[in-house]
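Below: the structure, in structure tokens.
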């Protein structure tokens, strides 16, 4: 009894309080490090080779249609300084492009990742809050109100600069142009389409009336509620092309998904033959030395064509091997005598 | 009541208390005036200090009040650079044009940081407030117009008359007016002030004693209306200058009349005094020093590093802003979507805005939550210290306690250990261990197990506790076979200045020196019981035969003489001179043909078999005891001289000295005593381990030189062959133009020693308080002293005041870059503990002042080894790793934005999601590094203790050196580059968008920094701690006589009291004593007695 009261303050004798928790501390001796480096190096080289080979097997067809240079395969140079111009890119597939084929457009020297560009938007508008239809946020300046002080919906530089070239692909079979069907559904992020972007509630069953009192962005030919009048689920803020554009690119050179080719006879890919891509050339990039490109590509388990990753793995793997060799030489020459045991 | 004051002297002075609540209760009894310099003493023109400068008697160590807490704590926290910086950032974030990160992202962590810190400060301040309150509300008796009333300490004011009870702590510095003892003597214990447990006496002025002594005392005290002139309040405990002007007379006052705050009244029923210094003016409080907020060295480096990072970041911001300007000018102007965004602003203005944008964007590079994480880590480390079973003292049920949670890493960097002696190294408990009588050595030392205690049941005065185990001696004594032994113990029982006090039928000894107490106590237990003394007689009970010796003369101990003698007349009429003293002093005064001289003499010639040699090997303190038979004729001659000396004044000292030399001659050696100044458990081992760890150990003690040196050897502060450097030799070295050169020439072989081994022939500096005072005053001399001391093995500072202890610490701090640690147990160490980088308090027997002011509290000195070598080393390692890692992860994280700027048009676009920035340090990367900071052990606890050399790494600050830091920062730059370019390389070919990139980037940052933790710990290599197990060097003794002496208290012993008779009641006038106990022959003569009838006992 007395003993108990005497040792009231005795600390607990546990592994934690006495700092005796089990621990593992690697002894990094040459016998562990050198084989370790070899193993890691080999593993990385293996991964690198796999990535590289996969990436090599991805087929990509890339065409620049900016029209700065005179090219035999397209006549877009004539559209360089004109609007509402149609031009076409001709190409030949010597080998079938395995499906599913993705069709991208790409821009370069275009700073979608510029900070001010990125914030120049009103998320409340885009989620269908009509209060902000009348009072767009200040972030949208100078695309907040038009010259007659009417609110712009969708406001901001980002929406205003919507990419508005359109594409149609024709397969040339025996002198006939046969349109290749594009699938434009589900090319935007699921979260954008279902959660983040909302059309305003319809007024009298009409989307257009919901936008009463607002004006279209300055550069747009038509208001947002007329982006796709044929399909109400692809109209307004929920238009897939609009959604794809509004998701900013990470780098000044970027590409964005335009359509998928996966329907009918093209489900297995684009067969060999001649094709013509007809372009409504609207978007001006000449002023800032930008380039416009189109891509036809298929994908693999690792995504699109990307040789960088494979090469990076190979380089690191090789470095590991080289380091292990260096260490082996150092070890053989200068090893501590007592480590022989 | 006649308390009209001398108006001319005190016209400006109104004691503050008279304006306070208790006005009507208190008579204005006296006035205290402080004089500010020496000149006023001479001229007599007094300067009265304005009333406001008089303190009340309350202690105040807390700093917050409910009103000032918030502003004060915010002020303190925003002095911290990082906090202030982030406050600015938050302000800037409210400007939309530059708000690259939303404001709430910064405010959220900042608020957490501020509130956690404020809470921590508040809790510790509340603790201080509680302890203040406890001290302030202690009670004492204050004289009012209605007699004595009990008031609280804090209500005492300068000028108040107080009544102090026996065993009461004195609440303020008092001028003793009278006491219930004869001659208004009183006894105080100053353990809390200077660490000495023996009693000191204080005596009131004869005038106040004569006039104010009455029964009851209230009346006479109420009419006291003297004016006290005192020097300005100061911290000098051992000097006081003052005057009392009363009834037209002027009386000199000195320390003898002063009762200091913090001392305890002993053996005196009541003492009455007037308060002259109160509260913060009291001498002990002046010694306490100010509250110093301690910041660690690592923290100071860290502040500089963070400042450096910040400047670097600002430079980067500037460069990026220039880039931004160029981009706006060259690119944006052509890109319509971008050029429109800037409005009409010019490119340079946009660049200017983007500079501030970058300042905000790069602010995460400054590790804001670093400080708070650090504090949390340190608190956890303190828990580990508190929890350590190996620092738990089961006997006192006291675990180690880290009171200050911000100094952990300094424990791993200590370069100088400054230790108190009494109560810290030693137990302040002296034990009679061995003796040598007639060439035979009795008793054993170094026993592993405690043998059965001696059977002393035949001795009714024996009160046990004798730690002397040799039945042979007892048998010989009892069977009367050893006449020399009998005389030896008679000498021990006679030759001393001990006073007795009778409690419960047994004598209790009060001695000026603990050595004497031990010797007289040993004699008592072995049958020679010192019962009582009067002015001219001593009563002994020799093996139950009571004998009275007539005391003819007593020659007291002084540090010059190093011996004391008594001349007594035995009951048989024979005259005997008993003398005891240091061996070298006694041996040269022995008779030529003294029988046992040889055995001792050989000791001086380094014969290992002599008793003295043996005792000193056991680290025992020896005294030689000798006797001389004196003839009546001789005594008659001496007496004549003595009587002459009484009247003569001119050459009195010299003549007395000559006489004493004549008396203490032709002695016959009776034996040698060996006393152990008992060390705390494990002290020698701990000190030797700490010295191996490269820590310089300095011992600072209020004790006298001989004792300190002795203990120094015993606790392995000095090796047996260490030579001492002291006095003039030291002075010469210091004053020579270049002490370094000189000491190298002189002691080359001793001073130079390869790193890692103990200097075999080291040198220890021994210095006393007076010499120290010089060093402290002269900065240049002080610097030299410290340089010299660093080359020596250790330093012993003797007879230093608490203030000087602190000054020494200050000296070391100023002249060396190393971390100082002060350890002590008493109130006299408080100042030193507060001044040192790290203060460690031991739970002492004498109250908890030291612990209260310490950063770490331990139960035993020996735990210091583990605290420093294990916890200190680990904490240091962990904290340095933690800091380096933290800097790494924040900078690597933030610099990614710099690289990304090249791809985003220098637009200050952040690369992370906004909340990710906020949560990155707070959440995502905090746990792994905290585990590192909690659990990392590069060397196991056993390893740390076994190879103290490991500690040196921490001392040299290797874990946080500029080189290590630079490496860390460069590595973080490299990491950020890789972290940015790899994902960008991958993204170049993919359609993935910015948000995906941000998430990828964030995830990789978390992965990378986490992986770095695993890699970050230092790797133990097989041959890191050199396996050099120290073997104890064979014991060799150089100079034996060093150990032979004994310590007297601060001032003088009781010798003067005994010979003057003051305070002793003579046996004769007993008849008037009404107390029944006084008729008992033993109790009648005791000193200091009870209060009965002192007026009748004229001496």
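Quick reminder: no glycine exception, Cβ is built from N, Cα and C everywhere.
The structure displayed is predicted, hence computed values, not measured ones.
Lifted from TrEMBL, the feature list:
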- B:420: active site, 4-aspartylphosphate intermediate (ACT_SITE)
- B:420, B:422, B:825, B:829: Mg(2+) binding site (BINDING)
- B:1065-1099: region 'Disordered' (REGION)
- B:84-114: transmembrane segment (TRANSMEM)
- B:305-327: transmembrane segment (TRANSMEM)
- B:355-374: transmembrane segment (TRANSMEM)
- B:885-903: transmembrane segment (TRANSMEM)
- B:915-935: transmembrane segment (TRANSMEM)
- B:969-990: transmembrane segment (TRANSMEM)
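Sequence features, as recorded in TrEMBL, placed on the structure.
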residue: B:420; record: active site, 4-aspartylphosphate intermediate; Cβ within 10 Å: 30
residue: B:422; record: Mg(2+) binding site; Cβ within 10 Å: 29
residue: B:825; record: Mg(2+) binding site; Cβ within 10 Å: 32
residue: B:829; record: Mg(2+) binding site; Cβ within 10 Å: 35
Range from B:355-374, B:885-903, B:915-935, B:969-990 with the greatest count of C-beta pairs under 8 A to the transmembrane segment (B:84-114) | B:355-374
Restricting to the same chain and to residues at least six past its boundaries, which positions have a Cβ under 8 Å from a Cβ of the transmembrane segment (B:355-374)?
-> 80, 82-83, 85-86, 89, 92-93, 95, 97-101, 106, 109-110, 112-113, 116-117, 302, 306, 309-310, 313-314, 316-318, 320-321, 324, 879, 882-883, 886-887, 890-891, 893-895, 897-898, 901, 907-908, 910, 917, 920-922, 926, 929-930
Folded-back contacts onto the transmembrane segment (B:915-935), same chain, C-beta under 8 angstroms, at least six residues removed | 101, 104-106, 108-109, 112, 364, 367-369, 373, 376-377, 380-381, 878-879, 881-882, 885-886, 889-890, 893, 998, 1002, 1005-1006, 1009-1010, 1013, 1016-1017
In whole Å, how far is residue B:420 (active site, 4-aspartylphosphate intermediate) from residue B:829 (Mg(2+) binding site) when you measure between their Cα atoms?
-> 7
Residue B:422 (Mg(2+) binding site) in three-state DSSP notation | strand
